[in-house]
There are 2 protein chains.
Amino acid sequence: MSTPEYLTGKKEALGEFIAKYDVFLFDCDGVLWSGDHLFPGVPETLDLLRSQKKRIVFVTNNSTKSRQDYRKKLESMGIPATVEEVFGSSYSASIYISRILPQSHPEVKKRNKVFVVGEAGIETELDSEGIPHIGGTDPKYRREVTPEDYKLLAKGDPSVLDPDVGVVLFGLDFHFNYLKMCYAYHYIQRGAVFLATNMDSTLPSAGALFPGAGSISAPLVKMLGGKEPMSFGKPNQAMMDAIEGKFQFDRAKACMVGDRANTDIKFGLEGKLGGTLAVLTGVSTKEEFLEGDTRPAFYVDKLSDLLEGA
Amino acid sequence: MSTPEYLTGKKEALGEFIAKYDVFLFDCDGVLWSGDHLFPGVPETLDLLRSQKKRIVFVTNNSTKSRQDYRKKLESMGIPATVEEVFGSSYSASIYISRILPQSHPEVKKRNKVFVVGEAGIETELDSEGIPHIGGTDPKYRREVTPEDYKLLAKGDPSVLDPDVGVVLFGLDFHFNYLKMCYAYHYIQRGAVFLATNMDSTLPSAGALFPGAGSISAPLVKMLGGKEPMSFGKPNQAMMDAIEGKFQFDRAKACMVGDRANTDIKFGLEGKLGGTLAVLTGVSTKEEFLEGDTRPAFYVDKLSDLLEGA
């Protein structure tokens, strides 16, 4: 396996690196910012790429925000962006549910309501595709389980289990609880398709790690004897196909930039992009990138190190 | 692999079966009752065994109840029992934390406080061994996560992360939430030992399945890259050793009775008990017992079928 090339401080190599690609796909958390803390020099770095007519796409596994929310977040941090430049895992999942699932699972045509375990971003993207949904941010599901719940769920009573639900979609849910686990399990046991926006085990914030969407669906995986959900975030290639479908770019002239070996870098490598660039401001360590199974072509200490390649 | 012997309706074989053993270890949920529904004939069956001077031990992985709670539950259902006859996973875990862990993990001698993710049963058993604990049923942890939480947890602030915590103990928690996942993860990342009362993925209730303790700890296992907690419920032999230590019985003359192949029956087989009896009133199906990897020596449709062996 080849050793990733370290570009920080190497002006000429940085210039060549930038010149080589037309499209830069950016992971956001851990690359552009951590939580609400924007890394210094990031807006300037993106300005530099834009000034050289590079196409920029923000690819995020964060399911709690819709594309609109993400555009607003980017803008509030001083990074101008359009909704079309944002690809999120909730959007990716919604596209799949509305366009692909009815083909592969004909029963979903009749029962196309989604039980959501997640935040508003998922609901917004499902709405944008016209998919009916329940659960999600509905306060009805933010409470303790009662003896009555057990009885009604056990007998599949339609007053609690909506017969139109054919899909259970998990994302990151800050309001995850025992009751939602019960509902999700009983819908899946009654034939609903088990999906997850993404399988990131952790979420970087404030310079540390917190539970990610993959940890929210983990109890269901355990209850189902190890059965994993179909998922749509990086490194799943459903998202790469959607991005390519939209922008019609040449994969050989595209570079994925990210902080996680097993999601971002894997996403770029499996997508057969021309390049992959790792930054050391997020989850994976230098050792993981240099000695692990999934190695980027290039790495820098931080994204703004690219400025020296101007 | 030998085929389990079906005893239901076979008077003579049932009589021989009962005569063969001095001690009967009973799983409770799925064998004696399901949720709050006692199976018919159970008290009479236990009376029959007691009348023949059999020792009875109720072995439960349910971590939400202390031994006292369990004795009360048995009694309220018409099954007289003593606290000593009850062995629960919370008791088993508490014994381990107070007596074994300080030997194998010398650092726990100094930081012996337990962060509990679970219900009152765990707290009662920790109290009975004099082990200090936080978390658990404290309403302070039953709330949404705030931006301030991220900051304080990220920097390991002692105002939120108690420096005396050296153990994180997971059990079944009906009040599980995102905040508790965050706390548990940050304590473990700071060196706390990761323990679970038991790893049952599901809990039978009202004739259906609901999330079990193993599903509550699943997010942490995912966040820790697959690292499983040390656990104390069936089929873990720490519990069998504790039971034998207390009653000093001959394992060859003991029989484990249960409804789950991969916990109860495995517990009896790995503990090299003289016998294992499966009932079909709980989680595992007849097919699992007859064709699976973990097969009981005997099986009956329901526990009260033993009455015919009187």
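Every residue, even glycine, has its Cβ placed from backbone N, Cα and C.
Those TrEMBL annotations? Automatic predictions, nothing curated.
For A:D27 (active site, proton donor), applying a Cβ distance below 8 Å and a minimum sequence separation of six or more within one chain yields A:V59, A:T60, A:N61, A:K234, A:M256, A:V257, A:G258, A:D259, A:R260, A:T263, A:D264, A:G282. Taken from TrEMBL, the feature active site, proton donor covers A:D27 (among others).
Residues annotated as Mg(2+) binding site in TrEMBL: A:D27, A:D29, A:D259. Of all the Cβ atoms in the protein chains shown, 25 others lie within 10 Å of the Cβ of A:D259 (Mg(2+) binding site).
All protein chains considered, the CB of A:D29 (Mg(2+) binding site) has 21 other CB atoms within 10 Å. What TrEMBL records for A:D29 (among others) is active site, proton donor.
Around A:K234 (substrate binding site), a 10 Å sphere centred on its CB holds 31 further CB atoms from the protein chains shown. Per TrEMBL, the feature substrate binding site maps to A:K234.
In the three-state DSSP scheme, A:D29 (Mg(2+) binding site) is classed as strand.
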